[in-house]
Structure formats: structure tokens, C-alpha cells
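Per TrEMBL, the feature compositional bias 'Basic and acidic residues' maps to 538-547. Marked as domain 'UDENN' by TrEMBL: 17-445. Residues or ranges marked as region 'Disordered' by TrEMBL: 524-547. Positions annotated as repeat 'WD' by TrEMBL: 922-961, 962-1002, 1003-1044, 1045-1084, 1085-1117.
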Amino acid sequence: MGSVGGRLFEYVVVCGLGPELRSLDGTRGFQGTNVMYMPSLLDQFPSSKDALYPPPPPQLPTCVLPAGVEFYSSGLNPIDVSTHPRSYPIVLTEGDGSKIYVSCIAFRDPVSEDIAEAYRIPPNSFADKCICLVSRSPSFHVLRDAVEELFNLCFSPSGSSKPIWDVIAHMVLNVPFPTPGKDRVLFAVESYLLSVEVPPKDGLPHADISFQPLVQCLDVDNLLQLFTAVLLERRILLRANKYSLLTLVSEAICHLIYPFRWQHVYIPLLFFSGVDYIDAPTPYMMGLHSGVDTSGLAMDGVVVVDLDYNRITTTEDIPPIPEPELSSLRGDIMKLLYPNVVELDWMQNSSGSFSGPFRRNSHKSWGPDHDVELRLIFLKFFASILSGYQNFMENTAVNVFNTQAFLKKRSRLTSQPQEPMIVQFLDSQGFIDYIERCYNSDDSVTNLLDKLQDALGRGQNPASILPSESIEPEIITIADPALGMAGSGAKYCYDRFPSNVRTEDQEEKRKAILAAVSGALEYSGRHTPSSPSVLNDAKGESLSPRERAAERERMVLDIKVKLQGLWLRLLKLGATDDPLSSFEYGTILALIESDAEGIGGSGFVECIREHMHSGWLCRLTEEQFIAVKELLKTAISRATSRNDLSTIRDALEVSAEIYKKDSNNVADYVQRHLFGLSIWDELRFWEGYFESLMEHSSNKLSNYATLVTGQLIILASHMSGLGLPDPDAWYMIESIAEKNNIGYKQLIKLRGLLSHIQQLRTGYWGTYGRKAQTVISHGMLSPHSKDAPNESQQPAEASAVGRSWVQSMFSRETASRTNSFSRVRRWTSESGALASNDNVKGTASPKKLDIPAAGQKKTQSGVRILRGHKGAITALHCVTRREVWDLVGDREDAGFFISGSTDCTVKMWDPSLRGSELKATLNGHTRSVRAISSDRSRVVSGSDDQSVIVWDKQTVQLLEELKGHNAQVSCVRMLSGERVLTASHDGCVKMWDVRTDTCVATVGRSSSAVLCMEYDDSTGILAAAGRDVVANIWDIRAGRQMHKLLGHTKWIRSIRMVGDTVVTGSDDWTARLWSVSRGACDAVLACHAGPILCVDYSFADKGIITGSLDGLLRFWEHEEGGIRCVKNVTVHSSSILSINTGENWLAIGAADNSMSLFHRPQERLGSFSGVGSKMAGWQLYRTPQRTVAMVRCVSSDLDHKRICSGARNGLLRLWEATINI
């Protein structure tokens, strides 16, 4: 990979304390020496004024000084190591996946006099400054040597023969990128000679790093566990107390997975203020300094790799590498790392030959040969585990690899069932990307994996696949003809790193900012503190029109480049991905929504159009289709609000080209799904579109009437594609035709054409009403069911992850990149809660700010915030009347809420005590609490520490600690007779006797983690399901397994058992209805556009309610011949986490902290007499104002009309629906 224009170095950048002083929390001005400040870009070469070179990444200053800028009272002290300069590499990733390599040297530099004077900083103060050498080539060693020599040259007592920026200019502009495998470039920084060369392209990828830090920090077992986590694309967080270690280990592990590539977020050195990124739900690999506190984060499912202490922790299982590959891989690594130890056994059982490629170097200290051998060991592992994979590649519209056939072949060869690690790896983005590259590559000889498989098949040494090193590279010497000629023996010495020559505009801008600061401080000394807007105004006024235009051009370029990369990754969504919760979808949506100037929306449409022009066939999978449809809806809605008709026109045209194939193999175009947008009803849009077509027509010399008719035919086809009603479409066509004075013959032709197109469309798709898209079949049966989700609804808001990434990566303001996650939440909460909309008829209204009218009388709020936990809420349980009822009647604890948290505590809350709800805190667990249950006298909880603890509810004393599970406990249930039922990620369901503190029996075993269970105490029937995609039914009293319910293809998240009926909800986007007695599936409920997270059963109606990641709530009802969806509700815009159904009340909780209570009026119950829909009788009763929070769990108390949610920030939000709000 070469640099732009064939140069090895792209930039030299200096970052540090700029004229706009701002702390990491965004506070302007000098706050003292114990506060960390945002770094700024101070100088660069080439200059930002040079139009030939794109600007450096805007996040560069924040990334090269990840802790921020700190003030010091002294500079370099030779005897104090903490004051010495620090050298470290970092790697930045652009939106298209390309990497930027930066070598940094950070040091203490005197604060500029003008800044110190303006902000009244103590004299003789020092602050952090960083010199950065930026390149597109991963030549870490030469980058480090060059930047260190620049630093040494600047502060050398003997000085340099040229100004330091002249030395930099010569190095950046004249050192070329060497031809791989052919050239060695020699150049000098003053008198220090440096060389750089790049290995041939047909060998292993260029990795100018040592792999020794990786194998020194982690033992073999932990190295293999990290390797597996990377292959399976988990969320990975590396921790170390050295910046350089984080980058080197991240790069090393990425090279060990060659020929596969890491496809997700990659930040080897995360800036401290971006610690909230760790809670991102999508896969990532990040490095974070071990001094940064992460105790306030959920860290659920994150693989934390502590490089300082050789330790890996995670809450989710990582499937092991299968045999025999595991033993072979581990053995090869052991031979490389510990040759003397391994050789003792080897010599006793060997004739003296060794097949290792570099055995002759095993006794040497670690060097480049060991790096190559380690990489070949892992490549050999891939050659073994993917043996014969080429035979299963298939270039179809749906698949690029026949995974099931490959797995079956491997199972036959190994005589083992399908290994989870292999299954997950074949489903990863990295593997799919590799297969696609194999198809698109014109030169198959460079595929080292195939070459290694061939070499191993012929019994050759693995090293034989590497290119020969016998050819000596050609030496290219770069000399500086001006060296020593700047003057007769002139020397340039510096007491600080000098500034580059500023232009007049830059100098005036700097003076204006500092003058505004100085004036504001003087005014605040005489009056009151100045407004932060003073600095904003000064900055805005100091920018010239040319600078503003250049700044906007850079921002447009940034956004378009990022959109291009995000769009290409969006097209890689597979059948196992949830499109609306993907990182790519969330980020593109945030770009479109947050950009007032329309760059995001127009740029996204332009990305699609450019992709079409490059030869794309425009066909999408079901998952990709859902995402693109919603993004185009949002882009058109935003463009409509800006009156941006060109973007609307372009979006309309691309929507007529993009399609998917339906169940009848008929093309279903995106355009049909844009029907509900209001812009299509406006004549002004179609008139503007017509004028644009006329202006850009390539046939302007033809007859005018013919030309007008041709353009009107294009309009008619789009109107029909959208599904506009025939009268509305004809009215607009006729109005435009009359304005352009075409004759009646052309009008008759247009009328006939429009009617014909409408008839064809209606015959297949049916007609649609504007408010409710009820399908009326006129010919062929509609491919969509009558209960299909409303296509006119507005897309969900951009995810907090996507929006925060937009704020942090595209903002030019340094403060807006600080702590983006928390700031997004704060901005939203300060601007007001979004009013919910009940979409029970399939329509959606725009969300508006709920602003109270002036003088409105305040009423008591129905929402309370319960504080007490110090970590994320991970379990929540409501004590119901049924649990605590006895012959005396209701107990006082009916209606209590019990919560568990990552702070390892369990807390009991009494909602009846307003202001002092916390009743008790139960301590005993050592890790996060995952499950809670209770009865009349006891509380039981299960935790990640693999234990179950039973407490006395009255005295809050710990009664018993039940130990026996080998993994985290996921479910607990108190039973009659002082028994406890528990389930765990070890796949076991156990029954305990609380009185004797013993496990009575392991009543059920699953092949993987149990995520949900139901038990009928009256019949002794137990239902449990989880990651093995099987719902297991056991008869505990008979001690036997009744059924294995097979049908789901992904994890089962929820289960509900009522009598002989079991309902399950799965990640495969379906819910299933099962018969316990027959062990058969009675129905598949498949209308959701995401995993189904919760299900419930309505006793009164014998109906089912499902909630999904798509934010939809669906009501299902039995009818003759099957079951159908009778009602869709879109009150919530995020994942539905909880459904609790009573006789007349229904409580819902969602992940975006929104809640809703539904009611079925009593008088309506009598009106149902076997006809009509019973489930459709549920009506929205009330929903509170929503506050922004990431909710983990929800519980409800229907008796008191209360819903409680637990958030990641440790707060509980209790809503009483009976209080007017």
C-alpha cells in the first residue's frame, strides 16, 4: 500500500495547546493545572492551504494525545523518567477501511507567551505537545526513527544546518514510496541515515512490527483465546499501561488472522474521553490505557484482555478451536516459544528431523525470522481447518459459500458434530469478505492460503510459499542538495519546538481569538463571567469566506468518503444480521438526520448512484432491502423539510432501480415502499421534476409535443411505481400537460398508458389507502399478508452508537468530540422528551417536542427516579400478589420491586414510600446479578459468580448460598415447598432444597447456555431454551424429557408456557407456537423485522403478543385454519424488552426507556360473541414522557399500574400510570 502521489510520508503534524483553550468536558478557558484540556492541531506540512493534499483526519489531535493536554510547572528533568519524551505508534481507520499510520513523540514544551498572557496561565508553565509523522505505509520502524531524529535535531545543543521545518519539507516531499520487493530507499535527516523497503506483494502482507510483545504479554492459552475472539468478531478491549503496547498487539493479532481482515471498528488506542464507545453493541477492537476507569460501564459480553497481567475476562462463552487443529496449533506455538523444553520430548520420539520452517533459528533471541514463523503457523492452521473450501464457493445472488455442505463434509471427516467455533467463523464478515475477494481477484497466484494448502499436500516446507530473498534490492538514495548551504556554518537551535510560518490570515485569526479571550477575562473581572458565545463569535468572525468555503468542502469530502465506506459495508449484511441495529445503518441514519445542509442525505443518494454506474446489479437481500428502504425514507423526509427537490428527485430515481425478489421471484422495488411520504402529493414537486427532465433532455431537437410527452411518461412511470392513486396521478399529469399546451391526442395516449401501468401494478400488489395500507387483491394474491407493517411509518431514530460516532468523527469542533455518548444523551434530555405516537391503525405521525404551554398548571409527576445502584441494572423483578398471597390476604410487600446490578448488590424498593423507596440492600454476590425471584418469605438471586443466594425477605439476612453451576446463572424461580429452580450458561437446570442447602437433582441438560425457562408448578412440566436453538420440555415429576422442539435456527430469547401451549421467541425473527402434549409446532409467527425478544399469552383472549428488536408490538389471534396478526402497534421506536399481560391491562417496556400501558375497556368484553377480533380490543391507555437512557431490563406491576425500568447508568425509572402527567 503506497502513499498519495508516491510519497512515503503524507504529513508532519504538531498537536498541542491551541489558542482556543477548552477542557475535556467542554468548559472554555483555563480551569487550572490539574485539569486535562482538548488538544488542537497547531502546525502541519504540507500546509492546509495546499489544495493538492487532502487535510489530515479531524480526529488526529484527540487520538495522538489520548489523555488530553496537561499543564506542568517544569519541563524535561534528566533524572525524572516521568518527564522524558514518550514515543509510540497509533493507527487510524478511515470510513472505507483504509488505515493511516502515525508515529508520535510527546513531550513537555513551554506554553506560548501569547496564550499564557491571554488566559492568565502561570508563567514558565509547560504543556504536552506531540510531533506526528503520518503515512499510509505500515513502516513503523522508519516512522519512529524519523520522528525521533526530528525531535533530537530540534533540541540538539549543536543545532541543525537548516530550519527544522525546511528539514521536514525536504523529507516529506522527496522521500518516495519504495517499489515492493525491488527498491530500498536511503535518505537522511540531517546527518542521520535511514532506509526503508517493502516486501514483495506476493508474500505475507507488510508488517513492520515485532510479534514478541504479543507472545510476551499472553501465554499460549490466552493467545489462542484472543485469536478465537477476533476470528468470531467479538467486542474486544485491550488494556495496558503503555500506548505502544496497545497498538503493537492490535496490529499483531490482525496480521495473525491473515488472509482474513478485521471488518469492524478498529481503534488500537482509544482516547480517554471516548470510553463510552466501549458500550457500543457492534463488534470492535479497541485499546484503552489501564489507568482509565471503566467501572461505570456495563461491559456485558466484552472480551477484556489485560496485557499487563496476562488475563482475559468475558461474560460470554468463546467456543474453543476444535480438535485436531487445536493441538497442532498449540504444539507449533510451544515449539517456537519454548524450543528447549519441547525438544526434550521431541528428541526421545524423533529420528532427528524437524518439519518446522525455521528450526535453525529457534535458539536465537526473538527476531524477524520468528515473526515470519509465527505467522506461518497460524496460516497453516487456516489451511488445515478450511481444507477444500474452494469446492464450496458459489457465486449466486444469495450466497458466496455453501456453508452447510462444507460443515457436513467436515463432520464426516472428523466424525464429530458441527463445531460451534467453525459455524460462527463461517458466518463472520471476515470470512465472507475473503470469499468475495477470491471471486473479484484477477490474480489467484497471490493467494498464500491456497498455495500453502498445495504445498502441505505435496509435503513441502511451509516456508517454500514465500518469495525468494536472494534478489538484492536496488538502492535509491535521496540527497538534500541544500544541506549545509543555508549559510556559512549557520546553526539553528531551539528551546521549544518552533511554529511553522503562519500566513497573514492565520496570524490575524489567532490574534482575534486571543484578544477576545483576554477581553472577556478583563470584563469578567470587573463584572460577571462572560458568555461562552464570545469565543464562538470571535472564531466565526475571524474566518474569511474563503476559509469557510474550504472548511465546508473538507467536511463534505469527509462525509462522502465515510458514506462510501459505510454503504459498501451495508451491502454485506447477511441473513443473520439485524439491519436496523447494525452500526452501518445507525451511522448513515445519524449522518442524514443530523446534517442541516443536506450533505448526508444527498451524499448517501450519490453513493448509490455511483455504485450503479460502476456496474452494480441493484439487487438486495431482504436484510439489505429493509435498511436501504428506511434510509431513503429518511433522506427524502429531511430533503423535503429543506425544500431540496434535487435530492428528492435523485432518491426517487435510484429507488426505481433497487429491488429484491419476492417469494414469487418477482422484483419488488424500493420505490413501492416510499408510498406514504407526503411529498408525492404535491404538484410543485412533479412540476419541478418535469422542468429538470426537460432541461437535461438529450433530444431537445425533436418535436416539442413529443419531447413533453416523453418526459410525462417518465413521471407517470414513477407515480405508478410509488402506487399513487390513479385520480391523483392523472390530475398532476394533466395539469403539467395543460401548462405545456400539448394536444388531446397526446393526452389520450398518456391516459391510456397510465391506466395500463396502474392496472398491471394493482393486479399484483393491490391498491393502498393513504392512511392505512390495506391490501385489496385484484388478481394474483399479494405476496404480503394483510397485517404487514405500515410502510408509511417514519424510520426509527438513529441509534445512539451511530449518532455518537457521527459527532465524534465528523465534527471539526474539538469539544464536540468529547465524551460523545454522554453528551448525546444530555442534549436529547435537555431539548425535551419526544412524544410517543400510538400507531394502532398502521399510521405514524412525526415526533414533536412536548413543550408545555405557558401558565399550564403543574401536576404531580407520575415518574420517579430511584437512585442507589452504582452499576448498570441487570435484573429486575416485581413482587406480585400471587407470589405473596396467603390465607390472611395481601402482604405489604406486594408491589415491591427488587433490582440487581453490576455493582453485585440486590436492592428492594417500596414504591408506596415516595422519597424513601429503598427498603434494603442485600450484599453477597461478587459479580453482576442476572436473575431474581421471590416468594412470601424469601428472595433468591443468580449471578455471574456462578452462585445462587437465598435471603430472608424480612430480616434481609443471607440464608443459603447454593453452588453447583459451572457458568453464570441466567434464570431463577422460587417454587412451592421451599424449592428453587435455577438455569445457567453451563446448560444445566437444577432444583435445590433451601432447607438442606443441597441440589436435589439436575432436572434438565441443554447443549448450550439456557437463556429462558418456564415451569408449571401444578403439572411439574419444565420448558427451557437458549443458545442451542432447541426448546426442551421435561416432566420433572416423572424424571424424563418429553420433547425436543426443533424449528428455530437461532438463539431462543423468550419462552412462555400456559397449559398445553408453549410460545417461543427467537433471534431468527420468528415466534413459534407449540403443543406440549404432542411436541409439535402449531404455528410460525413471522412478521417481525428483527429478533423477537419477548412473548406473552393473553388468557382471556387465548391470543399471543410479541415484541421485537424492530420496536413493533404485534397482537396475534387464533382463527379458523391458523393464526394471524390482527394489530400492529408502533408506540416504541426501540427494542421491546418486556410484555406483561393481565385480564384488562397490558404493560410494555422498551430499550429506549419508553413505556406504555394498554387497557381493554370492561364494557367491550361482553360485545365479543365469537365474531370479530378480541386482541384488537387493546387500546393505548397512557405512555409517559420518554427520557434518554439505555435500558437493560423492565418489570411491571399491573395491580398498581406501575412499570419500572433499569438503565445502564444505574438508575431505575418508576412510572405510576394512575397519576396524571
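Using the three backbone atoms N, Cα and C, a Cβ is placed for every residue, glycine included.
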Please work out the helix, strand and coil residue numbers for the repeat 'WD' (1003-1044) from the DSSP assignment. 0 helix, 26 strand, 16 coil
Where else in the chain does the repeat 'WD' (922-961) make close Cβ contacts, counting only residues six or more beyond its ends and a cut-off under 8 Å? 300, 315, 871, 874-877, 879, 883-884, 886, 891, 893, 898-902, 904-908, 967-974, 978, 980, 982, 984, 992, 994, 997
In terms of Cβ proximity under 8 Å, which residues at least six beyond the ends of the repeat 'WD' (962-1002) contact it? 315, 317, 883, 927, 930-935, 938, 940-950, 1008-1013, 1015, 1017, 1022, 1024, 1026, 1028, 1034, 1036, 1039
When DSSP states are grouped into helix, strand and coil, how many residues of the repeat 'WD' (1045-1084) land in each? 0 helix, 24 strand, 16 coil
Helix, strand and coil residues within the repeat 'WD' (962-1002) as assigned by DSSP: 0 helix, 26 strand, 15 coil
Tell me, what is the mean pLDDT of the repeat 'WD' (962-1002)? 88
Three-state composition of the repeat 'WD' (922-961), taking helix and strand from DSSP: 0 helix, 24 strand, 16 coil
